[in-house]
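> When I checked TrEMBL for this same protein, it listed these features:
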type: TRANSMEM; residues: B:6-29; note: transmembrane segment
type: DOMAIN; residues: B:89-295; note: domain 'Cytochrome c assembly protein'
type: TRANSMEM; residues: B:96-114; note: transmembrane segment
type: TRANSMEM; residues: B:121-142; note: transmembrane segment
type: TRANSMEM; residues: B:177-197; note: transmembrane segment
type: TRANSMEM; residues: B:209-229; note: transmembrane segment
type: TRANSMEM; residues: B:249-265; note: transmembrane segment
type: TRANSMEM; residues: B:277-305; note: transmembrane segment
type: TRANSMEM; residues: B:311-331; note: transmembrane segment
type: DOMAIN; residues: B:315-638; note: domain 'Cytochrome c-type biogenesis protein CcmF C-terminal'
type: TRANSMEM; residues: B:394-413; note: transmembrane segment
type: TRANSMEM; residues: B:425-444; note: transmembrane segment
type: TRANSMEM; residues: B:450-468; note: transmembrane segment
type: TRANSMEM; residues: B:616-636; note: transmembrane segment
Amino acid sequence: MKAKFLVPLAIFLALAGFLGYGLTLNPSVVPSPLIGKPAPEFRLAKLDAPDERFGVEDMRGEVWLLNVWASWCVSCRAEHPYLVELARSGGVPVIGLNYKDESDAALKWLRDHGNPYVATVTDNDGRVGIEYGVYGTPETFLIDRDGVIRYKHVGPINRDTVRKVLMPMIAELSSAG
Amino acid sequence: MIAELGHFALILALVLSIVQAIVPMVGAAKNRIALMSVGRSAAHGQLLFIVISYVLLTYAFITSDFSVKLAASHSHTQTPLIYKITGVWGNHEGSLLLWAMTLSVWTVAVSIFSRSLPEAFMARVMGVLGWISAGFISFTLFTSNPFERLLPAVAEGRDLNPLLQDPGMIIHPPLLYMGYVGFSVAFAFAIAALLTGRFDAAWARWSRPWTTVAWIFLTAGIAVGSGWAYYELGWGGWWFWDPVENASFMPWLLGTALMHSLAVTEKRGAFRSWTLLLAISTFSMSLLGTFLVRSGVITSVHAFAVDPARGLYILALLVLVIGISLVLFAWRAPKLAGGGSFDLVSRDSSLLANNVLLAVVTGAVLLGTLYPLFMDALNLGKISVGPPYFEAVFVPLMAPVVILMMVGPFVRWKRDGVARIVRKVGPGLLLSVVIGVGWAFAIGHVTWRTVLGLSLAAWVLLASAKLLQERFADRPGTALAVRLRGIPGGWWGMWIAHLGIGIFIIGVTMIGSLESHIDVRMSEGQRAELGGYTFVFRGAKFVEGPNYEAARGLIEVFRGDRPWTTMTPEKRFYVASAMPMTQVSLDIGPFRDLYVSLGDQLDAETWLVNLHIKPFISWIWAGCVLMGLGGIFAASDRRYRRLAERAAPADAARQAG
């Protein structure tokens, strides 16, 4: 048996090892050091009104979601109907953080697919994204009345995430105090 | 009762697949004809029971039997009949059943069309296919039972995802699966060859048409999927480098390499172990794609519901099938004799170079797709890899593939001279660059990408013309009809498919360079101009579909002063799933598509309207059609039929003697 004929097998076994390990990981759960910490402050231009600024401070006293999205992100398109549904139900205000995007494209995207956001701020150079430890879009942060991050979801949310995870936590946070 | 019958039929199919996996293998080992032929009968029986099972599941969907969990989650009484039928495969469980049925169809096709092959070889092919089938049917039964009951039944179903309620989605999955699963035939032939140690040109000849047919289906499947994304997702892109798209693209790339490698192995006896390895890897990529889509290790818009048990099962299947094959390869392949020798400058080596490049491209796509997983597993953080990576590696790697693809046919087998080749292709290559630059200036979009794309396209077209001319000049003095008949189907297949790639590149480059769009607020009677067309909004009215409500805009389009067409984009709202959908209206043309979609309603009278002009997008689909057509020509080369007829008496003689 010549060694070079074993190369494909070796490559495959290494790959299979990674795939197996990958099964134990959940790509949507990321241990975030930010949970339980105050949400990093920002004051960014609003997407639809670049002269106005908006920040975490404006949401103090409310339980809200910060959704990191971009018009170039395919998964954002997948979660979008659920965000729209969530916004329509009126349970929680959603703030959009438009991440590394072009404002024209982002505005068009909202017009095309519906706008679930109470406000969207633009983070074109991704600086605020870095402070929030954004790995990729979409990501969703649940922030309480005191501006503390309580939960983080990586990847698209779906009906189950909304019903089984977000809604119960929102209800709990809203009723507390 | 119906669902239980379906379940039972599937269990019977599993039993038969196990019989098919074991008995003919034992027969081949002991040289017992009676046992060997069991494989065929078992395969036929298996197909019968899978079809019964599949039909019964479809019946549950059609009759809206919402005591079947799958139908309750993916169908609705108001869903149009056609989407009740296609809803069967619009989910994980049902699509697995379709996978198993497709494999069974291929197996029976092999058993019918390969009667002329030696019995012992066929027995092993049937055995290998039986193992794969047993793996997938048991996966379906044990982790993803499509017949699971929902008791008590619900009154109404949740409906099929509106994105999937589309003509493109009716044919995309079956075509794709025919392609994916079709590579199992070349795989089974390769394993049978490794097991028997019989690995000569005949092996390659038997595999070629099967591989080509699978490749045709895969090409068509990917093209339809891409077309669906173009008009259904509503923003006019046609390829996103999404992990699941990549999962179908990787077997396509390797399958393309395999087809060409098989050609060399058949004609020249060269690259035998490389061809074997490609046959194994191509099917492995199909399996890997299945794993990626269904295990949840990668986040993707296409991903099915995540369940760790499923992931584990299919990973085990992956390790068994691919692992055993590669062990077999490492054990048997070194014993293969080298085959025909060839010089550095020869058609053989140009094909080898392209093969290696295609394998490298596949590796690069695989790396990009799995990179987030690698980083995560190594604790290096979570990242996502997007289109910029793929475009950055794909374009530079594919450019030499396209150049070589049109140089190769001018080069002689075995040995050729550099000077002769340069004389043949040199002027054409130079002229292509000139055309590419001129073309880019003519359309007023001079970037390196546009110049590269258009030069490559010009090269493919020029070289195709020259190839055709040389082929016709082959036999001077004979009638055109005689010369035409003298050209084998395989040559036409090559010529058409390669031309298709040129057409495809034109489409990709032109749309990347010249695409234009505007978004306008329009109320009744207002007009907008784009690219020489005038769009006049005639208002929107409420329409009711079978399972949705929609606002349908009416837009009259004028070219200059002349009425051109009327377009009716819709904004739909699917009632059962509470999902809004944008239904694009298209005016398809040879040199541009008009693409109109309806944005938000701003007030009672005013709508946002998105107007796009997509130049040359049809050329992308036309390129794919030509590639598929080329495949059809190649697969129907009469040589294969002649060989099949000739092989039969020869085998009979061998067995008699």
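The backbone N, Cα and C atoms fix where each Cβ goes, glycine too.
Unlike curated records, TrEMBL annotations are generated automatically.
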> Please report, as numbers and ranges, the same-chain residues at least 6 past the borders of the transmembrane segment (B:121-142) whose CB is under 8 Å from any CB of it.
10-11, 13-14, 17-22, 24-25, 27-28, 35-37, 39-40, 42-43, 46, 50, 93, 96-97, 99-100, 103-104, 106-107, 110-111, 114, 184-185, 187-189, 191-193, 195-196, 198, 310, 313-314, 317, 320-321
> For the domain 'Cytochrome c assembly protein' (B:89-295), report the average pLDDT of the model, please.
87
> Please work out which recorded stretch in B:6-29, B:96-114, B:177-197, B:394-413, B:450-468 has the most C-beta pairs separated by under 8 angstroms from the transmembrane segment (B:311-331)?
B:177-197
> Pairs of Cβ atoms less than 8 Å apart decide it: which stretch in B:177-197, B:209-229, B:425-444, B:616-636 has the most with the transmembrane segment (B:96-114)?
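Per the Cβ count, the answer is B:177-197.
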> When you scan the chain for residues with a C-beta under 8 Å from the transmembrane segment (B:177-197), skipping those not six or more beyond its ends, what do you find?
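28, 95, 98-99, 102-103, 105-106, 110, 120-121, 124-125, 127-129, 132, 203, 206-207, 210-211, 213-222, 248, 251-252, 255, 258, 262, 276, 279-280, 282-283, 286, 289-290, 325, 328-329, 332-333, 335.
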> Cβ under 8 Å, sequence separation of at least 6 from the ends of the transmembrane segment (B:425-444): give me the contacting residues as numbers and ranges.
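For the transmembrane segment (B:425-444), the far contacts come to 403, 406-407, 410, 450-459, 462-463, 466, 510, 513-514.
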> Is the transmembrane segment (B:209-229) packed against any residues at least 6 beyond its ends, judged by a Cβ distance under 8 Å, and which are they?
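Those are 110, 166, 168-169, 171-173, 175-183, 185-186, 189, 237-240, 245, 248-249, 251-252, 255-256, 258-259, 262, 279, 493, 620-621, 624-625, 627-628, 631-632, 634-635, 637, 640, in sequence order.
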